2 protein chains.
Amino acid sequence: MSLNITKLDTASADFQQQLKSLLAWDESDDLEIQHRVLDIIADVRKRGDAAVIDCTNHFDKRSVSSALDLELPKEALLSAWQSLPVDQAQALQVAADRIRAYAEHQKLQPWQFTEADGTVLGQKITPLERVGLYVPGGKAAYPSSVLMNAIPAKVAGVGELIMVVPTPRGETNALVLAAAYLAGVDRVFTIGGAQAIAALAYGTDTIPAVAKIVGPGNIYVATAKKLVFGQVGIDMIAGPSEILIICDGKTNPDWIAMDLFSQAEHDENAQAILISDDADYLLAVEQSIHTLLPTMERADIIKTSLTTRGAFIKVANLMEAAEVASNIAPEHLELSVEDPEALCQHIRHAGAIFMGRYTAEALGDYCAGPNHVLPTSSTARYSSPLGVYDFQKRTSLINCSPAGADNLGKIASVLARGESLTAHARSAEYRIK
Amino acid sequence: MSLNITKLDTASADFQQQLKSLLAWDESDDLEIQHRVLDIIADVRKRGDAAVIDCTNHFDKRSVSSALDLELPKEALLSAWQSLPVDQAQALQVAADRIRAYAEHQKLQPWQFTEADGTVLGQKITPLERVGLYVPGGKAAYPSSVLMNAIPAKVAGVGELIMVVPTPRGETNALVLAAAYLAGVDRVFTIGGAQAIAALAYGTDTIPAVAKIVGPGNIYVATAKKLVFGQVGIDMIAGPSEILIICDGKTNPDWIAMDLFSQAEHDENAQAILISDDADYLLAVEQSIHTLLPTMERADIIKTSLTTRGAFIKVANLMEAAEVASNIAPEHLELSVEDPEALCQHIRHAGAIFMGRYTAEALGDYCAGPNHVLPTSSTARYSSPLGVYDFQKRTSLINCSPAGADNLGKIASVLARGESLTAHARSAEYRIK
């Protein structure tokens, strides 16, 4: 199985232009999909449960007659958990414990301080009251994703976590339900698509409205999430998965080839890039790819991904590698080098950094602890991994003493009059002694 | 000047329905505006500076010929600052210092911990590299808004802060430029509208692309921000300003009337609501409104706002007031009561809470310290005030020891095979001893 992977070199005059073409990813907004999703949302807002039932029967080929049948009984989660093979149950449990332990470090804490005149300023932290978790059905249903989305919400103190998961033809996924049990999901509805997002955003008689919706989904789900944003909060809209590996040429090339495969196997649009200052090493990894590819279950997907979106980039030195990586702002960044701590100092943008030859990105996907929901498509320039902080919010607190109000009132009065907002000014002036 | 304000009572059978109607605010997406904005964005992406110049000359009635003329020289900011009357300069300086002092408390800190097997997990914090700050032109140009948006960005460590502000017919606003100087804005371009947002999002030869755009604007600016989201980060899309006051009937009714006016004077759609358990007090505040209204410069705006969107809500007791307020999730919440700390414990959602009779909301607008950019339209259910954290981002760090990779590799292998992702599994398995 031969495979042609794009080769770039920072020494080329047109490197920046070539890199830009390689990274280009424009999930063009499909107007037709938008209109279909808008119709579904409008229908759910208008007809509630009846619309959700109609969509579910139509799209998921089911024959539900009562909205009550859309909810899975809690016992279904428990029995899914109890029916797991012991090795899977143990692995899920360890992963959940580690995700929870890491998440505990992310909890926002309230704070306040008192000024000399007795005025108190601070910030209050409150968890979101109710959150919706979308879980895709079928082959893209990953129990690890349930843990990664649900556990930070529960650590934040979210009161009620509502999971929705489509069950085409009524088929449930035992691993997903077991993960939901383990993560402490409160209620599960077997609905999906834009109708599930609309139901969570606006609520129906049966499905309670939430404050925020998280979790991955197909283009209909992503479009619906964008369209209900404002009514509820949403997490990011994820693009294709990405890995960028910087290697100094001293890691076993088979390891690096397999790390590249581990992103490429996600889907044809996934992007796997290797950067090295060692040209011979790039050849060695290419050889490993050729040798290993035929042994992979998802060889076709991997081949398409690596051929159309993958690349090897030759750099002059590791500092240049850090610069190129920062400009790419990848979702996953492996620093497979001798001194990853030193190199890490020079990375400005990445979703997660996997340091050292032993830290395979796949460890982070499942059980290292940090979240696997990460900013894609260069959005690590301005956004962060999913975390406990996404399920908490801040409220500013101001408690002026009479002396503080006297001081601040004089300042506010001048500024408010400068902006011609005299009610503001007079409101402040009432509090001046 | 007579004024009819809506009266609600939680004792009424249809209170919830009436409250829902009162709060309803649907800024319907105007398709025509969207198409016009999409055209402008496409034009700026295609023609860069030339498109920005054409739009600016057209919409702002200017006659710019070179893109270089779109940038204000730094000396213009300094001289605006130096030309300020001393009371305004001092007031701005105190406000800036207080905003900065509060913001310092919000800085995210990196953390890491080492596990028993030597594996290190942590979180790295990086400021955004370059941020765009939109400032409206004309009468809605508020120097306080420049401070509130710019200072947290600089405290976060943003490398370059680019301000855009339209200058219709070439007229600049000295107070706004002085505030920009004081806040440490790095560069200022005299452009506005959708063309300014597009230029910041995609960059032109003259205007550098940013990672995130913050700041208020009209419907074209808001629409453009929504449309470029993903290419860059954006702050919230603000709805009309809101104040909700809970009063136990013991604050001077004139003070409360003026506090309501201070939101109502912003615009006709602003929403000012007073909740009390004291029916006589509600009558007293109404009397104050009637007396004070004719003395207000913006009496017409205040009257329209209070008549169409304002309300007095009679509750049975203050606990019920806290419940109603939490369900409204207001941008600004005044607790004008004897024991605001106790009542604050029962507030689940609000952008900022102003505690005690002396803490006029207007003090927070200018100089108390906390940000005045706050979640509106009930989005306090899931979002936070603008803060330093909006200009920093997190990156997960994972550094597995060989022993850690051995432990985690076994777990990841089981889970990856459970998800049929065998490249993931084999990548992890390579690191097992």
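A Cβ is built for glycine as well, from the same backbone N, Cα and C atoms used for every other residue.
According to TrEMBL, the protein carries these features:
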- B:Tyr134, B:Gln195, B:Asn218: NAD(+) binding site (BINDING)
- B:Ser241, B:Gln263, B:His266, B:His332, B:Asp365, B:Glu419, B:His424: substrate binding site (BINDING)
- B:Gln263, B:His266, B:Asp365, B:His424: Zn(2+) binding site (BINDING)
- B:Glu331: active site, proton acceptor (ACT_SITE)
- B:His332: active site, proton acceptor (ACT_SITE)
> Which whole-number value in Å describes the distance between the Cα atoms of B:His266 (substrate binding site) and B:Tyr134 (NAD(+) binding site)?
Replying inline: 19
>> Tell me which of the binding-site residues B:Asn218, B:Ser241, B:Gln263 sits in the most Cβ-dense spot, judged by other Cβ atoms within 10 Å.
In response: B:Gln263
>> Given the binding-site residues B:Gln195, B:Ser241, B:His332, B:Asp365, B:Glu419, B:His424, which pass a C-beta cutoff of under 8 Å against chain A? Sequence order please.
In response: B:Asp365, B:Glu419, B:His424
>> Just to verify: the residue among B:His266, B:His332, B:His424 with the fewest other Cβ atoms within 10 Å, which of the binding-site residues is it?
In response: B:His266
> Once the DSSP letters are reduced so that anything not helix or strand counts as coil, what is B:Gln195 (NAD(+) binding site)?
Replying inline: helix
> Out of B:Tyr134, B:Gln195, B:Asn218, B:Glu331, the recorded positions in the record, which is closest to B:Ser241 (substrate binding site) when you go by Cα distance?
Replying inline: B:Glu331
> With the NAD(+) site defined by B:Tyr134, B:Gln195, B:Asn218, which remaining residues of that chain have Cβ atoms positioned within 8 Å of the Cβ centroid?
Replying inline: B:Pro136, B:Val164, B:Pro166, B:Gly192, B:Gly193, B:Ala194, B:Ala196, B:Ile197, B:Gly217, B:Tyr220, B:Val221, B:Ala224
>> Just to verify a number: CA distance, B:His332 (substrate binding site) to B:Gln195 (NAD(+) binding site), in angstrom, no decimals.
In response: 32
>> Let me check the 10 A CB neighbour count of B:Tyr134 (NAD(+) binding site). How many other CB atoms are there?
In response: 28
> Sequence gap of 6 or more, C-beta under 8 Å: which same-chain residues meet both conditions with respect to B:Gln195 (NAD(+) binding site)?
Replying inline: B:Ile40, B:Val44, B:Ala51, B:Val52, B:Cys55, B:Thr56, B:Phe59
> By a simple count of other Cβ atoms within 10 Å, which of B:Glu331, B:Asp365, B:Glu419, the recorded positions in the record, is least packed?
Replying inline: B:Glu419
>> Measuring Cα to Cα, how many Å separate B:Glu419 (substrate binding site) from B:Glu331 (active site, proton acceptor)?
In response: 44
>> Given the recorded positions B:Gln263, B:Glu331, B:Asp365, B:His424, find the one whose Cα is closest in space to the Cα of B:Tyr134 (NAD(+) binding site).
In response: B:Asp365
> Cα of B:Asp365 (substrate binding site) to Cα of B:Asn218 (NAD(+) binding site): how many Å, rounded?
Replying inline: 20
